[in-house]
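Listed in TrEMBL:
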type    : residues               : note
BINDING : 32, 33, 34, 35, 36, 37 : ATP binding site
DOMAIN  : 27-207                 : domain 'tRNA(Ile)-lysidine/2-thiocytidine synthase N-terminal'
Ligand SMILES: Nc1ncnc2c1ncn2[C@@H]1O[C@H](COP(=O)(O)OP(=O)(O)OP(=O)(O)O)[C@@H](O)[C@H]1O
């Protein structure tokens, strides 16, 4: 039977978790008012007090303007921040809200506002309180969407956001430990009802987690899988860099859109798919290409390869994907920007 660690986070644990930010000028703590991020603020404040010199801590709460309790929750965070002796800012998401895709639009707006707050106070990093449980849910969510290795690697420990780095120090910490930390300290926290709202995918998948854990697929194991896949993904990316350089060196005359077909076809399938994905995303203007579509394209190219070598069959291929045109001619795969679609030109209906 899997067991979840439930001990509060100790001073020593916190010292280790935050050690990377000792020399930062300032860090932003993203605090929604829920248990995980209130624990982040409390633990960071306690850690900061143990240092003679250390970063300025600025807690930031984003009010998405979607729930009437949000303003009060932001005020509660402000009061707690004041009691802990750290600065606090509330950032509001203004303007029209979309009817569909609201969670992802709210997330985009939240990160935009957090980055703005970080820049305005000279912070090098934004810390969020994503936990091991969040990481496990992300793995299951990506699995259900048919993601590849990069997607199943789930959330990165650090992500560059322009001049600011988004960091997730609690990815190995079970949520139960953060809740235990607050209970021990006697700190109150908010419960966001959208976290349990079955209209959204994440809460529906969250409800499945106890059953998966009972079968042995607990948060710890799923988060470990994500870490292993992140490692594999990093290695594959480095190999793709090498393959890109190798193909460019065969072209000789500097950067060239596309690849020599025979050299490309000799590479492992995973690397071919990644090369195509990169090239399409570089020139395409319709957002990142879908993995399944790039895999299908890779297979179509693969079928043409042997036909071209033997001189038999038709080796014509021309298709548009994510705003890029991919074609094969004279032994090369060409990948160029697609002309704008009719009706999508700026100013046209
Ligand atoms: N409104 C917000 N303002 C500031 N930071 C936020 C906000 N919402 C989320 N975050 C940050 O992103 C992390 C993950 O967000 P998510 O929505 O998964 O968490 P949550 O349900 O709000 O959990 P909690 O508040 O307990 O951390 C939070 O831990 C927090 O660091």
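Each Cβ is built from the backbone N, Cα and C atoms, and glycine gets one as well.
Distribution of TrEMBL features across the structure.
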residue : record           : contacts (Cβ under 8 Å, 6+ apart)
35      : ATP binding site : 175, 178, 179, 182, 189, 191
36      : ATP binding site : 129, 130, 131, 134, 170, 175, 178
37      : ATP binding site : 29, 30, 31, 128, 129
Fewest other C-beta atoms within 10 angstroms, as judged across 32, 34, which are the binding-site residues:
34
So, in DSSP terms, is residue 32 (ATP binding site) helix, strand, or coil?
coil
